[in-house]
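**Student:** After the structure tokens below, expect a handful of questions from me.
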Amino acid sequence: MSTRRETRAQAQQFIDNLKPLQHPNSEKVYLVGSRDDIRVGMRQIHQSETMIGGTESHPVLESNPPLKVYDCAGPYSDPNAKINVREGLDKFRANWILERNDTEQLIAASSGFTQQRLADYGLDHLRFDSLLSPRKAKQGQCVTQLHYARQGIVTPEMEYIAIRENMALSEVTDEALTQKAEGESFGAAISQPITPEFVRQEVARGRAIIPLNINHPEAEPMIIGRNFLVKVNANIGNSAVTSSIEEEVEKLVWSTRWGADTVMDLSTGRYIHETREWIIRNSPVPIGTVPIYQALEKVNGVAEDLTWEIFRDTLLEQAEQGVDYFTIHAGVLLRYVPMTAKRLTGIVSRGGSIMAKWCLSHHLENFLYEHFRDICELCAAYDVSLSLGDGMRPGSIADANDEAQFSELETLGELVKIAWEYDVQTIIEGPGHIPMNLIKENMDKQLEVCDEAPFYTLGPQTTDIAPGYDHFTSGIGAAMIAWYGCAMLCYVTPKEHLGLPNKEDVKQGLITYKIAAHAGDVAKGHPTAQIRDNALSKARFEFRWEDQYNLGLDPDTARAYHDESLPQESAKVAHFCSMCGPKFCSMKISQEVREYAAAQEVKLHTDTEFKAKSVKESGMAQMSAEFKAKGAALYHESGALVEDVELVETEG
């Protein structure tokens, strides 16, 4: 096990030597929009050819076109990009912001705390090297994407998103790949294809948000909404007892490689301000925070000493650094706190417990609720989106869907309408720990009381019996609520409830939640979702092993598992599944039946039902005879080519 010193040194080495890295057999390609500076990066996965006839020495091959998929890694997956974490990423969105002519550059930071940090020369060794002066809306101007959408303006960001969400759907012409189940969307209105105008309409309606602070021009436009691809958030951040700036930057880059659509910096330790600056300047995805965490640090962890003035200064500090969305626990009202007294696990939200303690100690209403309009005014000046925190979320399935949880949700529904008055983009946070039978009630109630504002949930976790495996227990609930209409899922790692996640934990959590999000997209009938499934299934049936790995969410692990038992080069082109060997692979048998039918010149699906049935029965009888002749063993040791076996889907 690495020591803290070794872990930090490894992270430092990682960022010092950071170079763009692409997944196997993939390349970075760009789709260009209506103007040259709208260049949408995609991951293009190349596939091998399929043998459709001939012999091994003279094969007849059919090409399988490359597949474009969503890529969250930004420049980190582009071999032509120049990466220097001390300079940050290219500010490619800066011109879009400037040409709107509704912002101005500030002479100095507005936050008193920021000014103190900049004046402290003792922090120079921690400071990001290339700081710029922040921007803010001009007097009387609103600079949010919601404001533009309501004015009927289709921004470059909206066009970028439409291209990104479509994933070059129009290029896919193979019916084997475009086939999909009808889907059950539970009232969602998914467009096919997704147009820039559709993006504008959804944002204007409040059903979707584009979290892009004007001070984070490095971020690539993305959208969070029920009628778009389900997104996944990854949490990183230091704590009072572990981690460093180097490690958090490493986790950021690592998170985007494995599909984080947004990243929340939940730092609670030393140097929160400096850590966040490094993260934002090097992030191609939107960054969220929970500002109350840093505000609490400013009063030495004493919740009772928090004030609106300290919190407001923290909002200014973070908005001018470029934070794209704030989690604000404004729905934790004084009268709701007693409702948690009979709970099995009380209040488990950190932000919720901080505000509950403040309310009780002062016997006053939550100052975040009282000053919510002030918060909205501030956010509108920087286009910071609001994520209304669920401070009363249940921390155990025993407390699910109780009075405290749903009372707060009603208040969040009131607050979202206030935020919309200020053209502030808003999403609603949700639970938590919910058994499967109560999940849909959560989604339905949120849609009703929050007027379809996007829902963003932590899981939900469906059972409480598996510490160390809560990415599984919550991934189940995440897939369900994604199907029902949740717009973004906050990942859970294997370390949930146990400790701060490391790099491998982050990857495990992300892969689990990308599966959940994708399963939700498929079930809803999203037009692009099933194409990748079909491409991988086709590769699996044709025994194109490398394509199977590369089309998957985690090519590295798939390849490693295969090579663990079948390391030989011959196994990588073997035309049988390795669980049952070459004699009893179900997919190989299916192929042989097809070949037999073709040899008999029977055209399946067009000939008579009798002939089709006859050929099928004849083929099965032949395989039955072979099975019995070889000992009638269910599993069979294969010959000299391959000695071991690999799992594939089989019936029974």
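Even glycines carry a Cβ here, placed using N, Cα and C.
Relevant sequence annotations retrieved from Swiss-Prot are reproduced here:
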{"type": "BINDING", "residues": "Asn235, Met264, Tyr293, His329, Ser349, Arg350, Gly351, Asp390, Gly391, Met392, Arg393, Glu429, Tyr456", "note": "substrate binding site"}
{"type": "BINDING", "residues": "His433, His497", "note": "Zn(2+) binding site"}
{"type": "BINDING", "residues": "Cys577, Cys580, Cys585", "note": "[4Fe-4S] cluster binding site"}
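Help me picture these features in the structure, burial and contacts included.
**Tutor:** Around the Cβ of Gly391 (substrate binding site), the same chain contributes His329, Gly331, Val332, Ile347, Ser349, Gly351, Gly352, Ser353, Met355, Ala356, Glu408, each under 8 angstroms and 6 or more positions distant in sequence.
Cβ neighbour count for His433 (Zn(2+) binding site): 26 (other Cβ atoms within 10 Å of its Cβ, all protein chains included).
DSSP gives Cys585 ([4Fe-4S] cluster binding site) a coil state; it is part of no helix or strand.
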**Student:** Within 10 Å of each Cβ, count the other Cβ atoms and name the one among the binding-site residues Tyr293, Tyr456 with the highest count.
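**Tutor:** Within the set of binding-site residues, the most crowded position is Tyr456.
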**Student:** Tally every other Cβ atom lying within 10 Å of the Cβ atom of Ser349 (substrate binding site).
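**Tutor:** Its Cβ has 25 other Cβ atoms within 10 Å.
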**Student:** Of the binding-site residues His433, His497, Cys585, which one has its Cα closest to the Cα of Tyr293 (substrate binding site)?
**Tutor:** His497
**Student:** Which value in Å gives the longest Cα to Cα span across the substrate site residues Asn235, Met264, Tyr293, His329, Ser349, Arg350, Gly351, Asp390, Gly391, Met392, Arg393, Glu429, Tyr456 as recorded?
**Tutor:** 20
**Student:** Given a 10 Å Cβ-Cβ cut-off, pick out the one of the binding-site residues Arg393, His497 that has the most other Cβ atoms nearby.
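**Tutor:** By the 10 Å Cβ neighbour count, Arg393 comes out on top.
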**Student:** Please name which of the binding-site residues listed here, Asn235, Tyr456, Cys585, is nearest in space to His497 (Zn(2+) binding site), Cα against Cα.
**Tutor:** Asn235
**Student:** At a 10 Å cut-off from the C-beta of Cys585 ([4Fe-4S] cluster binding site), count the other C-beta atoms across all protein chains.
**Tutor:** 24
